[in-house]
C-alpha cells in the first residue's frame, strides 16, 4: 500500500522508487480529474511502480509531468517534502480521532484535538459540524480560515501559532472563549461580529497604542481580558477599558503602562467600577472602598476608611464569638435545668427515707446512709434467722445470755446453738423501746469470759456510730449493743475475729474509745461531743477464713506466734443428716455458709464448714466431759438399731432444772482418713442425753474447733447415708 502524504518514506531504495507518490497526490488535489486518473493507475499496479526498473519509473514520472504541464516539478521530491509540513487531510483526521478515542463519524465529535501536529493550514473540517471545542495551539497556522462549518463552536484555542491578523470569525456566532496568545497580532479587530464573546486572551502579542485596542469598545459582552506582556505604554488605554460595561477581570502585567500610571492599582480600581480581579489578585470591597476614599481625600481618608473597615471586621468577629458563647451558655443552662429537675425528683423520692445523721439533725452522707441501711437489713435478717432456727424455751429458765429492753416488758425467749460464738462470752443486746424483742440464750463453751464490751449509739434510727468491727474483738469481752430509740431495728450478736485485718469500709479515723468500770464490767463508751464525727463501719470480709486459721492458745508460747499473726474465721456448723425420716424436719438442714459480706448477705452466711482437714481439733476441759462422752458412746452402741436424729434440741433440761453441760463427741480409737478428719474440725455443744431408751432425744455431733490436743472421734462411717427429702 502506498504511504500517507503526511508520513515520510523510510528506506533508501523505497524512497527513491516511490518518491513520485506525494507528487501524484498533490497533483490530484490541485488538478482534479487528470491527477485522479493517474492516481488510480498507480494504485492498481503498485508493484510496477515500486519494484520495476528505474527507466519505467522515470517514464511514468515524465508522463505524469507531461499531463500536468509542470516539467521539472518532480526532479527533487525529497527537497519538496522537507519544505512542506503535514497536511490536515481527512485520513489524518480520522487517524487522530481513532488515536484520541473519538468517533470515526466526523459529525458526532464535539471536540477535536489538533494541537502539536505541525499543521500550517486549517482545512478539511467541513464534515465536523458538531464541534464545540477546537484545539489548534502549538502549530504553524498563519491564517484563520475554513471555519464556516463550525457554527456550534464555543471555544477556539489558537495560541502559539503564526497568526498576524484576526479575521474570518463571522461564522462563529456562539463563540465564547478565544485564545490568541503568543502570536504576532498588532491590532485587535473583527471581534464585534462575536455577540457572546466573553473571554479574550491576547497576551504576548504586539499591541502598542490605544488605537490597537480601541476595537474593544465594541465588544459589549467581554468580561475577561488578558493584555499582559504586550507593548502598551499609553495611560489613555484606561479610557478604552472604562467603556467596557461588563469588564470584570483585567490583566495588564508586563506592559510599560503600569509604570506610567501613578498609584496604578488605586487608579485602575477607581476608574473601572465593576472590576473584581486586577492582575494577580482580587479587588476586595475593602480595597475598593479605600481606593475611593483615597480618590476623595488622599491618604488620610484612605487610612480612616481602612480603620473603619478593620473595626467593623473586628466587631463582626466579636459578634460571631459572642453568638457562639451564647449558644453554649444556653445549652449549659438547659443541661443544668435537666440535672436540677432530676435531683429534685430524687430528693422528693428520698425525703421519706432519709434519716438524720446526728442528734443535731444533720443529713447523713449517701455512703453512710447506704451502710446504715445494709447494717439494719443484716441485723433484721439475723434475728429472723434466729427465730426460725431456735424454738422457744419454757418460761422461768434463766439464760446466761439475754437480750433485754429497758421498759421491762415481757419478751419471748429462744435459744441459739453454742456454735454461734467463738471463744466469746454471752452478748447482751438491749434496746430502749417498749417493743418486746425475742430473748435468746447463747450457751458458751469457752473458759470463763472476760467483762463485756458495750457500744452505744445516740441515734436510734441508725446503727451505733463508732461500731468496732468484729475482726478487732478476738477473744475479747462480750459486746453489748444498746440503742436509745424505739424505732431501732433488732440487733444481733457479731462474733469476734482476729485484730490483724484493718476495718473494711472505714472512711475516717475513729475517736479513741474510753474504758469505764461500772458494776465490775468494762464498758467501752464514746465521747458524746464527737458523735457527729463518727461513722458506722461496714463489717465486710474480703477473704474466706477457715477453722484451721484459729490460733493455738495453749501452744502459743511453744510456737512463738502471737494471736495477731493468726487468721481467724467465723464459727461454722456442720449438721449430719438424720438416720431416718423420724428426725426433726426443721433441724434437717445441710450447713450454713460462712459470713462473707455483712451488708448484703443474711445470717446464713455466718456459718460454714471448713474444707481443710489438715489440722486436728481438740477441746479443752476434756476431763470434765469424759464421763458423759463415754455414756453417750455406750448408749449409741446399745441402740444402734433404732434410727434417730443426730441433733438434740438445746431446750432439753436436766430434771433438776439446771442446764446440763454439753458432751463431747467421742471418736473411735481407729483414726479415719476421710470422714474422721472432716468431723474433727468441730465438736458439738449440746444438751446431755436424759435416759437410755429407744425414744431418746436426738444427740449432737457438732463442735467448736479449739486449738488443743487431738481427741478421739466418732466413727461417722457407721451411719447410713441420709435419705433424699
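Using the three backbone atoms N, Cα and C, a Cβ is placed for every residue, glycine included.
Here Swiss-Prot flags 38-48 (among others) as compositional bias 'Basic and acidic residues'.
If you look up Swiss-Prot, you'll see 76-86 (among others) marked as compositional bias 'Basic and acidic residues'.
The compositional bias 'Basic and acidic residues' feature in Swiss-Prot is assigned to 330-345 (among others).
Annotation comment: Swiss-Prot describes 360-408 (among others) as compositional bias 'Basic and acidic residues'.
Marked as compositional bias 'Basic and acidic residues' by Swiss-Prot: 481-491 (among others).
Residues or ranges marked as compositional bias 'Basic and acidic residues' by Swiss-Prot: 632-642 (among others).
Look at Swiss-Prot and you will find 358 (among others) tagged as phosphoserine.
The phosphothreonine feature in Swiss-Prot is assigned to 559.
As annotated by Swiss-Prot, phosphoserine applies to 562 (among others).
The phosphoserine annotation in Swiss-Prot covers 583 (among others).
Residues or ranges marked as region 'Disordered' by Swiss-Prot: 1-91 (among others).
The region 'Disordered' feature in Swiss-Prot is assigned to 330-513 (among others).
Per Swiss-Prot, region 'Disordered' is recorded for 632-703 (among others).
When Cβ-Cβ distances below 8 Å are used as the criterion, the repeat 'LRR 1' (107-129) is approached by residues 85-90, 93, 96-97, 100, 135-152, 157, 162 of the same chain, each at least six residues removed from its ends. Annotation source Swiss-Prot lists repeat 'LRR 1' at 107-129.
DSSP labels the residues of the repeat 'LRR 2' (130-151) in these numbers: 0 helix, 3 strand, 19 coil. Per Swiss-Prot, repeat 'LRR 2' is recorded for 130-151.
The repeat 'LRR 3' annotation in Swiss-Prot covers 152-173. For the repeat 'LRR 3' (152-173), same-chain residues at least 6 beyond its ends with a Cβ under 8 Å from one of its own Cβ atoms are 110, 115, 120, 129-145, 179-191, 193-196, 201.
Using a Cβ-Cβ cut-off under 8 Å and counting only residues 6 or more beyond its ends in the same chain, the repeat 'LRR 4' (174-195) has close neighbours at 137, 151-167, 201-208, 211-213, 215-216, 218-219, 221, 226. The list of residues near the repeat 'LRR 2' (130-151) in space but at least 6 beyond its ends in sequence, with Cβ under 8 angstroms from a Cβ of it, reads 85, 107-124, 157-169, 171-174, 179. Here the repeat 'LRR 5' (196-217) has long-range neighbours at 159, 173-190, 223-234, 236-237, 239-241, 243-244, 251, 254, meaning same-chain residues at least 6 beyond its ends whose C-beta is under 8 angstroms from one of its own.
Helix first, then strand, then coil: DSSP counts for the repeat 'LRR 5' (196-217) stand at 7 helix, 3 strand, 12 coil.
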